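To keep things clear, I will list the structure first and then write my remarks on it.
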Amino acid sequence: MTDVSRLPGAIRHQWDWQLDAACRGVDSSLFFHPSDERGDARQEREEQSKRVCRSCPVRTACLLHSLRAREKFGVWGGLGEQERRALLASRQRRGRRWRSAARNRTAGRGRTAA
Ligand code: SF4
């Protein structure tokens, strides 16, 4: 049998926020839609889950985790799938603009006026 006692433990502090989650003990199906759920039913379930998130003391940590991990499904940090996708897309656009502006500034260095 493999001795794992010397291996580093789980990085507990990265997950500790979950211990204070308002959704602990809440049925996870409130946060994750069944594949055939559409329309009003989906909107209603999502609104209920977001209500839980609004009172959650670790909402920011949850949202940051979901963005970092690119969680595709469910409500995390009070945001649904489409809202998180939009947030990530907006962040990528801003990042591209910033990198492009930085490149332009760098490319402009060293040039002298004619
Ligand atoms: S923000 Fe919402 S999904 Fe995240 S831990 Fe809190 S209650 Fe759960």
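Positions of Cβ are set from backbone N, Cα and C atoms, glycine also.
Per TrEMBL, [4Fe-4S] cluster binding site is recorded for Cys23, Cys53, Cys56, Cys62. Cβ environment of Cys56 ([4Fe-4S] cluster binding site): Ala21, Ala22, Cys23, Cys62, Gly78 lie under 8 Å away, each six or more residues apart in the same chain.
Summarising the annotation, TrEMBL assigns compositional bias 'Basic residues' to 91-108.
Sequence annotations record features per position, and here TrEMBL assigns domain '4Fe-4S Wbl-type' to 22-86. Confidence in the domain '4Fe-4S Wbl-type' (22-86), given as mean pLDDT, stands at 96.
Here TrEMBL flags 90-114 as region 'Disordered'.
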Return the residues near Cys53 ([4Fe-4S] cluster binding site), defined as same-chain residues 6+ apart in sequence whose C-beta is under 8 angstroms from its C-beta, sorted by sequence, else 'none'.
Ala22, Cys23, Arg59, Cys62, Val75, Gly77, Gly78
If you count Cβ atoms within 10 Å of each one, which of the binding-site residues Cys23, Cys62 comes out on top?
Cys62
